[in-house]
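According to TrEMBL:
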TRANSMEM  12-36  transmembrane segment
TRANSMEM  56-76  transmembrane segment
TRANSMEM  82-99  transmembrane segment
TRANSMEM  111-133  transmembrane segment
TRANSMEM  153-170  transmembrane segment
TRANSMEM  182-206  transmembrane segment
TRANSMEM  218-239  transmembrane segment
TRANSMEM  251-270  transmembrane segment
TRANSMEM  282-299  transmembrane segment
């Protein structure tokens, strides 16, 4: 029995490492895609045409799509509460690519911010050893099906829908969104939390369907598609509203924190990813705060560079 436990533990470690590597690769592809898309907007085509028909834009779009697909697949092998805080890795890669490809100036504060993002990502690994994780790491489709009918899980999902609906209502009938970014960002992050739950659910059922297909899996795939079709556009709408009303310095760090918190909470409620007796919440919070500080520095430097560029353009003669 002891030998079997050791083998199972090694298999669990291998699965976890595979999920993390897939997620890190996805983060690199997403960063490359976004950088190439921005580069396509900076490069003026020889003929008067849209950037959407340039090869650079299409390469960037393909890279972005592959990256998002890899992130989706990663949820089948590693806990969402581990993968989500790794967003700091994408910020660091995007910042380095912006310096190399887009020609952005590597200021001291920006480099410190990128270093903090990388340190925060490494700290996430440090507080997530395998023995601190619960059953959610290796949850099967059958176990997940049972979890969805638990009263606490059902109430949580309904509560999330109510919060999203309340955010949409307040946006329509009040001007709270213009006074504070929290309304837009909370609604966006809540929608993203549901998207992560849907993506992980779909990836688990897809993984188990490869082993053994069941017609019951089809109904879950339909629900996953519907949830993603609703929540993804909501995220785009509300994050754009926040960016339109407030600067990067305020929006980007707050969005990272709220998105991470909603994802970790949902991962624990739905997938039971933590063993609460052994988890290290203080270490996780410190890792997230370190990454948030890095994201804030990078965002503030980008905001200052953008402002300086606009002032320079306004001083040039027409």
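We number each residue from 1, going along the chain as drawn.
From the backbone N, Cα and C atoms, a Cβ is placed for every residue, glycine too.
Contact between the transmembrane segment (56-76) and the transmembrane segment (218-239) is not supported, since fewer than 3 Cβ pairs fall under 8 Å when only residues 6 or more apart in sequence are counted. Contact between the transmembrane segment (182-206) and the transmembrane segment (153-170) holds: at least three of their C-beta pairs are under 8 Å, each pair 6 or more apart in sequence.
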